[in-house]
Amino acid sequence: MSKTTLFDSRIKKYAYREAAQLYGELGSSPAGLSPEQVERQREKYGSNCFGSRSSDTMLRRLRRAFINPFNVILFVLGSISLVTDGLLASDFSKNATTALIIFSMILISGGIRLVQELRAKNAAQQLDRLIHQRIRVRRGGVCMDIPAEELVVGDVVLLSAGDRVPADLRLTAVTDLFLSQAAITGESAVVEKSCRTLCYGSPRPVTQLENLAFMATTVISGKGEGVVVAVGKNTLYGSFSKDDPEEKQAFQKGANSIAWVMLRFMGVLIPLVFLLLGLTGGNWLESFAFALSVAVGLMPEMLPMVITACLARGSLAMSRKQTIIKDINAMQGFGSMDVLCMDKTGTLTNESILLEYYMDVLGNESAEALDLAFLNSFYHSGVRNPIDNALLACQTMPGREAHFGELLAQYRKTDEIPFDYARKVVSTLVTAADGSSKLILKGDVAHVVARCGTVAYRGQVLPMEEDTAQSVSAVVSEMLQDGMKVIAVAQKEMGTADHITSADEQNLTLVGYLAFFDAPKKTARASIAALKRLKVTPKVLTGDQADVAVSICRRVGIPCGRVLTGAQLDEMADSALSAAVEEVHVFAELTPGQKVRLVAALEQNGHTVGFLGDGINDIPALCEANVGISVDTAVDAAKDAADVVLLQKDLGVLEESILEGRKTFTNMLKYIKITASSNFGNILSIVCASAFLPFLPMTSLQLLLLNLLYDALCIILPWDNVDEEETLSPRDWSGRTLGRFMLSFGPISSVFDIATFLFLYYVLCPALCGGVTYLHLTDPAVRLHYVALFQTGWFLGSMWTQVLILHFLRTRRIPFVQSRPSAPVMVTTLAGIMVFTGLTFTKGGGLFGLTQLPLWYFGFLLVVALTYMLLTTVVKTFYQKKHYQLI
């Protein structure tokens with residue numbers, strides 16, 4: 001069970017306690033705590049701070065940057081290579097290059113990743129910053145100001161306008177107390193608080209209990225008094241944080257999966273090569289050294305560097321598209337995300353309530369209803385909520401500026417009765433220039449209608465009869481079902497009265513209604529459709545009422561046949577919820593803890609979940625999700641908790657980021673799968689060659705050189721083009737498909753390697769070494785030349801086929817015709833073939849045991865390469881038909 005869920009069950013009980021019972025239970029009194037009691041309470045319940053949190057130290061960042069499965073494997077292989085080269089080689093300084101190159105790859109990839117990690121901030125500093133304030137308390141009957149962090153459970157806190165609530169309180173006295181709970185709920189509406197003891201009834205979210213005030217909420221107006229019931233990490237706000245946030249493991253699990261595939265192949269091939277060479281050659285130490293080089297050859301040496309380059313390049317590309325990647329591993333989440341959870345406010349809507357309709361009791365446009373509501377909003381002195389602001393904005397309506405100016409000049413305020421929670425209406429008394437007064441009342445439809453005995457319709461005042469009431473109800477119901485916020489306005493002629501009481505709020509005349517709407521963004525529907533095309537399922541998790549959420553979701557194309565509320569969620573077992581989250585797309589009236597539970601349920605069902613949130617209340621879900629996404633306008637703590645920050649709160653930006661993430665992810669998989677299959681083919685060829693060749697088909701140094709040269713060419717893959725079909729669905733980051741890819745395409749190269757071995761052993765080498773095969777040679781110098789020719793021939797054959805096949809396996813389409821590589825990839829691979837072929841014609845090639853080959857051999861290589869590519873195309877076609885994917 002999450003911290004927030006535990007909090008809900010613990011804190012709710014105080015809402016149902018009488019004040020006397022509450023003081024007794026907490027060991028306090030209306031006069032407050034004595035100094036001795038303060039210390040006892042601090043010992044018992046703790047202090048009002050978030051305690052020591054593990055900071056994101058440089059050591060932890062270094063660990064994340066350098067310690068991963070690929071680097072560990074390379075480090076072990078590099079270390080063994082360093083030792084064996086030192087024992088076996090006569091020229092240690094030259095052979096030590098093998099290990100040093102591997103270590104360099106580890107350092108470079110880790111360094112790039114460390115730069116990315118240094119961007120992260122520490123969210124705990126933001127949490128502690130909140131409580132560095134002074135607040136007013138009553139202790140021992142004396143009022144005093146103390147630092148907020150010195151508060152303890154049982155303290156009596158005094159609140160006034162502008163204060164930030166310093167802990168969780170059970171209110172014991174209030175005077176027109178209005179709070180903004182936006183920091184907790186994310187909703188902008190101002191909430192009135194009361195001190196009355198609640199009665200048990202239908203379950204309600206803890207944030208809707210009006211006699212509780214929560215840390216981080218703000219007093220908008222009025223004053224109040226309350227007793228502290230929770231401090232620090234035990235508050236609702238504190239439950240949103242994690243004591244020591246765990247690193248998200250999705251990327252690491254995928255990396256582990258891929259590493260284990262490589263290790264399993266090594267576990268089979270290394271002993272096999274060792275035994276074959278040892279039994280045929282008799283030199284077991286040399287066989288062991290070569291078997292280790294086989295392991296190095298199977299493992300792509302530049303894998304950590306290429307992955308880091310892909311992630312860093314993708315991060316840079318996404319920053320140009322208004323997306324900042326804080327955690328480089330979050331790129332994996334973008335590549336595999338298949339569910340996106342979001343709030344509707346500000347994401348699907350414009351986050352601003354607008355006046356949609358002003359009408360009479362039967363739904364006809366009514367300027368009178370608007371005028372009366374405008375006067376009420378302008379003159380009442382209470383907290384102006386979004387509805388008041390929308391009404392006052394009417395002063396700027398084109399062509400109506402003069403009208404509202406004249407209206408204010410015609411009427412002046414005489415008296416008012418402020419809004420309160422019980423009445424759910426606000427009344428103002430306005431007096432005209434002739435001295436006549438009228439009471440204007442607006443508020444909740446049901447409460448206004450209950451105070452009316454007549455209705456105004458087309459200049460007539462008619463009695464409120466049953467059929468009239470039904471017609472009124474039908475008009476209102478239709479607007480409510482459409483997701484609108486509806487209020488009613490009524491009036492009453494008051495003669496020359498200059499003050500009003502609640503008794504005057506009876507027998508009014510119902511004038512009409514005003515409907516307000518937080519309209520969907522113009523781009524919302526298209527963005528939702530785009531997410532669906534990308535096979536990302538949008539789900540709305542909101543604290544708003546169900547009917548409002550349904551209306552918005554219906555307009556933007558999110559299925560809302562079934563809606564689950566927070567209260568219904570609390571009654572569901574985990575098994576039932578697991579099934580429900582697959583069917584339901586709209587969840588309303590949720591608490592932060594319930595959002596976390598929904599995200600966790602989706603993850604347990606095997607989904608990769610993204611969560612888009614911007615409030616303090618979203619932090620638990622941001623931490624829980626595979627990819628936490630926030631926006632630049634979010635509160636600091638939410639941005640710190642997120643893996644990704646959008647510079648615009650727009651799903652269109654997110655769509656582009658998902659596409660970029662999948663492109664990055666695809667290019668990573670290209671390198672891993674193509675390189676691993678090519679290396680596997682080479683090693684398989686070595687195993688076969690070891691069974692009949694009297695010498696090594698390639699030296700350890702040549703094998704490492706081949707891999708490094710090929711990997712150096714593949715470093716350009718992060719800049720490759722990606723076919724559209726590769727970005728249309730989430731990608732799986734694991735070794736699940738790596739093994740089958742290696743087994744499908746690796747042996748193809750082995751077939752042509754064996755053909756090359758036969759050609760070299762029986763045709764080319766004898767043709768240049770006296771017309772006989774190796775075993776019939778007696779001159780050691782000629783034998784060495786024979787081996788050098790053979791090893792050079794296979795070195796070039798492997799290089800040519802590996803580079804060319806890269807273009808055939810990088811796409812499902814016909815290469816160069818239907819899918820073209822990027823210019824950097826094309827230029828680099830062609831240049832690589834030319835440069836590395838030219839190496840064999842230079843003195844530098846001799847350092848690696850390579851020698852010059854006759855030009856006619858390249859005709860043979862061309863035939864082999866073309867045949868290899870043709871067979872690969874055939875296998876690729878069958879592979880795609882069977883597995884419905886390639887990379």
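Every residue, even glycine, has its Cβ placed from backbone N, Cα and C.
Automatic, uncurated: that is what TrEMBL annotation is.
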Handout entry: Stretch carrying transmembrane segment according to TrEMBL (options 65-84, 705-724, 745-764)
Key = 65-84
Handout entry: Helix, strand and coil totals (DSSP H, G, I; E, B; other) for the domain 'Cation-transporting P-type ATPase N-terminal' (13-86)
Key = 50 helix, 0 strand, 24 coil
Exercise for the section: Determine which recorded stretch among 784-809, 821-842, 854-879 has the most C-beta pairs below 8 angstroms with the transmembrane segment (671-695). Expected result: 784-809
Exercise for the section: Over the domain 'Cation-transporting P-type ATPase N-terminal' (13-86), work out the mean pLDDT and round it to an integer. Expected result: 80
